[in-house]
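Chemist: Dumping the structure here so I can ask a few things about it.
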């Protein structure tokens with residue numbers, strides 16, 4: 001409702017709706033914190049909506065990181081997770097299903113009311129949220145507020161999800177026979193093969209919870225989003241991808257990598273938590289001589305592939321730092337850990353401060369699952385990559401790294417010891433690797449320019465703040 005003549009408009013109240021699984025909520029919180037800081041002069045307040053378990057994890061991470069406390073104009077608001085109280089142990093896919101069913105059945109509307117109550121009755125003027133929680137679109141419309149979704153993955157993956165119906169019509173039941181066919185008839189996707197598409201687009205179980213979720217999201221975004229935040233920066237996406245998205249979503253706002261928005265979100269590079277001594281170990285290694293290996297917190301190779309990877313790292317002769325969950329250590333080759341520790345040639349740890357590691361001058365190669373956050377962290381650190389994708393959008397990301405941007409290589413299928421040794425040697429010392437290393441440095445410079453004073457990402461984030469706060 002507009003204020004009467006002579007009355008001033010109340011300050012903006014932005015509801016930020018999280019998808020409380022994996023790293024989604026943490027990424028959205030980094031944006032919310034940057035938004036809260038930028039919008040403070042307008043008197044804006046933000047309500048960050050997530051489940052109890054998600055908020056507990058965020059609070060724990062904040063307490064462990066200096067400077068990561070909430071701004072005074074940003075509050076946490078707990079929302080139900082949709083699970084029956086009697087269910088004590090619920091698998092994550094089922095948790096996602098229950099959460100999204102609750103969201104679609106009017107849950108988001110109730111959450112916005114909870115945000116209003118927590119803000120002393122202040123009406124929600126804009127709904128910013130993880131794009132996965134697409135029911136927020138209707139809830140925002142009911143509240144008379146615009147919906148501004150945040151996409152956390154790559155632009156090419158978003159394009160694939162939006163074009164899912166057209167891709168299914170094109171590929172039909174021939175996905176298995178056309179795995180290497182380029183998607184040349186689909187604007188923005190001509191550099192990608194059928195096999196690179198995310199799970200559930202043209203193959204796999206279309207009714208699996210996450211596949212249903214992103215399909216519905218892809219249908220909802222073009223008709224309901226007032227603007228869409230993209231986790232990329234101008235100059236990274238090829239022109240055909242940018243043009244295809246702009247035709248479907250005319251108000252895209254690219255200002256990624258999101259972790260660079262606030263200096264304190266990068267604080268772990270200055271004084272990182274490093275309980276396993278990764279940085280001290282790196283300090284004893286040659287410049288650009290170390291291969292860093294990590295597949296994130298979800299993906300993990302099979303035991304036989306882990307053994308091949310371990311053998312390949314040893315055969316490469318390069319020092320390596322490997323972040324690997326401890327429950328996978330028993331699958332490593334006999335004596336591998338002892339040999340690495342005894343010679344000082346390798347360090348295997350259950351966790352590493354990844355951004356700080358990638359920025360260390362001793363790291364010259366990154367063996368990764370090609371999750372989008374990891375790709376951006378490696379890219380913004382100028383480190384070439386060897387990608388072993390497993391699921392989701394990782395195959396598209398690996399294809400982008402190797403064939404679109406050219407600052408790395410991609411394994412086709414499972415890793416072998418010979419393949420790992422060759423990839424690591426090439427990235428660190430090879431002639432083709434020199435080209436990849438140079439390309440990685442070019443992209444690193446583009447990121448630095450985009451986030452420097454007057455850079456395009458800074459300008460775009462200012463535009464995002466204006467869109468969110470003008471309602």
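Each residue, glycine too, has its Cβ placed from N, Cα and C.
Small disclaimer: the values here were computed from a predicted structure and weren't measured.
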Chemist: Record says 352, 354, 369, 372, 374, 377, 393, 394 bind UDP-alpha-D-glucose. Source is Swiss-Prot. Which of 125, 152, 164, 242 does it list for that same site?
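Modeler: Of 125, 152, 164, 242, 152 joins 352, 354, 369, 372, 374, 377, 393, 394 in the UDP-alpha-D-glucose site that Swiss-Prot records.
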Chemist: Identify, among the binding-site residues 354, 394, the residue whose Cβ has the fewest other Cβ atoms within 10 Å in this structure.
Modeler: 354
Chemist: What span in Å does the UDP-alpha-D-glucose site cover, taken as the longest CA to CA distance among 152, 352, 354, 369, 372, 374, 377, 393, 394?
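Modeler: With 152, 352, 354, 369, 372, 374, 377, 393, 394 as the binding residues for UDP-alpha-D-glucose, the largest Cα distance is 23 Å.
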Chemist: Going along the chain, which residues six or more apart from residue 152 (UDP-alpha-D-glucose binding site) have their CB under 8 A from its CB?
Modeler: 24, 27, 28, 130, 131, 231, 258, 372, 373
Chemist: Is residue 354 (UDP-alpha-D-glucose binding site) helix, strand or coil when read with DSSP?
Modeler: helix
Chemist: Judged by the number of other CB atoms within 10 angstroms, which among 24, 161 is the least packed of the binding-site residues?
Modeler: 24
Chemist: If I take the alpha carbons of residue 394 (UDP-alpha-D-glucose binding site) and residue 161 (anthocyanidin binding site), what is the distance between them in whole Å?
Modeler: 14
Chemist: Just checking a number: largest C-alpha distance across 24, 161, 392 for the anthocyanidin site, rounded to a whole Å.
Modeler: 18
Chemist: Quick check for the class: what is the C-alpha distance, in angstrom and rounded, between residue 377 (UDP-alpha-D-glucose binding site) and residue 161 (anthocyanidin binding site)?
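Modeler: With the alpha carbons as reference points, the distance is 24 Å.
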